Amino acid sequence: MSKKRLYEIAKELGKESKEVVARAKELGLDVKSHSSSVEEAVAAKIAASFKPAAAPKVEAKPAAPKVSAEKKAEKSEPAKPAVAKEEAKPAEPVAPKTEKVAAKPQSRNFKAEREARAKEQAERRKQNKGNNRDQQQNGNRQKNDGRNGGKQGQSNRDNRRFNDQAKKQQGQQKRRNERRQQEDKRSNQAAPRIDFKARAAALKAEQNAEYARSSEERFKQYQAAKEALAQANKRKEPEEIFEEAAKLAEQAQQVQAVVEVVPEKKEPAVDTRRKKQARPDKNRDDYDHEEDGPRKQQKNRSSQNQVRNQKNSNWNNNKKNKKGNNKNNRNQTPKPVTERKFHELPTEFEYTDGMTVAEIAKRIKREPAEIVKKLFMMGVMATQNQSLDGETIELLMVDYGIEAKQKVEVDNADIERFFVEDGYLNEDELVERPPVVTIMGHVDHGKTTLLDTLRNSRVATGEAGGITQHIGAYQIVENGKKITFLDTPGHAAFTSMRARGASVTDITILVVAADDGVMPQTIEAINHSKAANVPIIVAINKIDKPGANPERVIGELAEHGVMSTAWGGDSEFVEISAKFNQNIEELLETVLLVAEIQELKADPTVRAIGTVIEARLDKGKGAVATLLVQQGTLNVQDPIVVGNTFGRVRAMTNDLGRRVKVAGPSTPVSITGLNEAPMAGDHFAVYEDEKSARAAGEERAKRALMKQRQATQRVSLENLFDTLKAGELKSVNVIIKADVQGSVEALSASLQKIDVEGVKVTIVHSAVGAINESDVTLAEASNAFIVGFNVRPTPQARQQAEADDVEIRLHSIIYKVIEEMEEAMKGMLDPEFEEKVIGEAVIRETFKVSKVGTIGGFMVINGKVARDSKVRVIRDGVVIYDGELASLKHYKDDVKEVTNGREGGLMIDGYNDIKMDDVIEAYVMEEIKR
């Protein structure tokens, strides 16, 4: 038989454990505490002892009338609620009603219960206040004992503290038991629970019945039609059977459509969720909130244990649910593996060089491992992240049976494609454009004077030294038609500028002086024009001079491939005088005639492209570039890429210095708004938005930097000797600052071409703009001097140069810069000396003097012997000694030299083995000018 503990019996009876233990001892049971266990029979005996003897079973009485909560509260005492209930029981029953009333569960009066609990808590607080007062008095006694007593007082205090704690714990346990009893009573009086499963089953059955009723009629119609068809099939032909079957099928579809359109009526769903009931407040008094010490620690430990137990239970549940722990599912069949869908191969595959195996696999919907296997069979070892070249990709696609096509990628940063292809032009929008004419020729042959005459301005007077320093672009109007002129320098240093002018021009006017004829730069201009396939118009200038000979010029040009139309060639010759405005109109008419033959056209509707004629850095405006529009129309605020830089057209001025907003084809304009000054000769293109222009410009700058790094020379076995030899050369470091980019290029090229043996020119830095402080700092660090061409240093840069002793040389004529640089380079060389024999003498007699040495008497037979000259001793045609004279005398006098035919005496420094008939050769070392 099972056993029960006494505290379990007390809990069932709603009594305290002390009362149950005392009653068990009264019944003669050997129990020690509430944890003692007894048999079930003994437990029943103990429980029976608590039941009142005078409580016989009473027959069922009629239902007592409801008593109001206020009356119950008046009858009940706050200190002992249980006794109050017992006293309320013997109330006389009310006469039963004649009507039979169904028994209803009596509802709880929560308000009355809360008021009873409040009164009970108030009584308990009064008792606790008295206990606290007693405890305070005991504490004061303990303090007095502690002051007066010694060890005995300390032990008494400990005992009293222990007793107080024990009493406190007993009181807490008592209140806990009372709360449990009240909760048990409330749980016994709770309303019966709702069976949700039964309700759900009933609802489902009702829904099924409704569905059966709605579909019964359709089923009967279908069954009747089926039976009628079966009867008709017995006596009809097959053709009629098929026709009727088709009709019935149509009818069935119509019925089904009607059923689908008309929704079935559904009863509103019954809310079967359990309503949230009001839970009574826990019977806790304010004394529990004021507790601290062991009581509070015990509560914390119990809450921690609850959390720990919950975690352990969750861990155990998860462990049970893990794969393999469920023994009942071991023999179950595994779930079927879903088959992968088969994707058909594409018919075409567009690829780019450098595609990886993984990218190809994704495009053709195949596994990378399959492609790696195919490549291995083809003899190509590759991984899925490895890039493949175009040839390998094509072979792979052939193996799969796919047509491979290489994707043509348009490089957004490549603006050169606009100058090679013209597919972007609209043929319907092409219009005639002005011709671009370049004036070329030798220096001082009258190019700028001719252009000055054409423009009716005095440009030539502003040029230093009478030569043009950089390209100028101008536009004039002749007979209602515009002509754009480019003026190129004629000096030898500006070869690259003439080449750029020929590349953007349509017609070349070759100016040749009638008195000078063909010169080196004339031949160079002819070669540039022929290389650019540009027609040449020869303007024989200065025919007003007395020594002019145009026929000689025509003959010299014919020797270089420029034939006159009069001689059967294709070049027009016009004799002019730019100074006196002679035959200028004829020259312009010839230009328009040649332009008409060429049929020059452009599309002004597309975005503008063109070439940089010149670029410079302005102190107030920043980077300024002179552009020649070749196709399209350039507008203000257009996003533009120029060479390796980009920007937006902030302002635009024409050749007259006036602001314009639009520039059509063959129009030269100066723009501002670029990030940096571009290089002369760079191409430009307008983009659709600033974002794409910025991306293209940054990409072009990045490529230019990479190209520059790749061009860096490396030391190899072939050039090792040249590198070592170059290290022995002396170097002249130069920083070049000029007004325009063309002058910078010309200066750099000219200085590097200076050929002085043993010295080389190193261009440390070259840029456009004024000389600033950073240039001076760089010159000081690199031991260089600064050459300023048509620019001046800032005041701060000048002060810093004086303080740091940096040399700044300012020039406005290029050939003077070259001459000055040659002198500086020659001055850096070590002096070079040449040996020069000044005389010969023969030893006639020797004299040995003690403590002095050997003195040789000689006679000069050729030239002279000087005191500061060097001498060689030659014996039998062999040089015995080479040294210097220690003394030279004529008789007894010291002399500076002994001339031809005279006699004298000499003594050689450090040499005494002089003999008769020795030849003394006197010579000096003279410096050679380079």
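Just so it is clear, glycine is given a Cβ too, placed from its N, Cα and C backbone atoms.
Of the listed segments 431-435, 466-470, 581-585, 896-900, Swiss-Prot assigns region 'G2' to 466-470. Among the ranges 487-490, 527-530, 619-622, the one that Swiss-Prot lists as region 'G3' is 487-490.
Check Swiss-Prot against the ranges 1-4, 425-428, 541-544, 797-800 and you find region 'G4' recorded for 541-544. Note on Swiss-Prot: of 33-40, 441-448, 545-552, the range annotated with the feature region 'G1' is 441-448. With a threshold of 8 Å between CB atoms, the same-chain residues lying at least 6 positions outside the region 'G4' (541-544) that come near it are 445-446, 449-450, 511-515, 550, 575-580, 582. Secondary structure at Gly441 (GTP binding site), as computed by DSSP, is strand. Applying DSSP to the region 'G4' (541-544) sorts its residues as follows: 0 helix, 1 strand, 3 coil. The average pLDDT computed over the region 'G4' (541-544) stands at 86.
Per DSSP, the secondary structure of the compositional bias 'Basic and acidic residues' (110-125) breaks down as 16 helix, 0 strand, 0 coil. DSSP assignment over the compositional bias 'Basic and acidic residues' (157-167) gives 11 helix, 0 strand, 0 coil.
Cβ neighbour count for Asp444 (GTP binding site) (all protein chains, 10 Å cutoff from its Cβ): 16.
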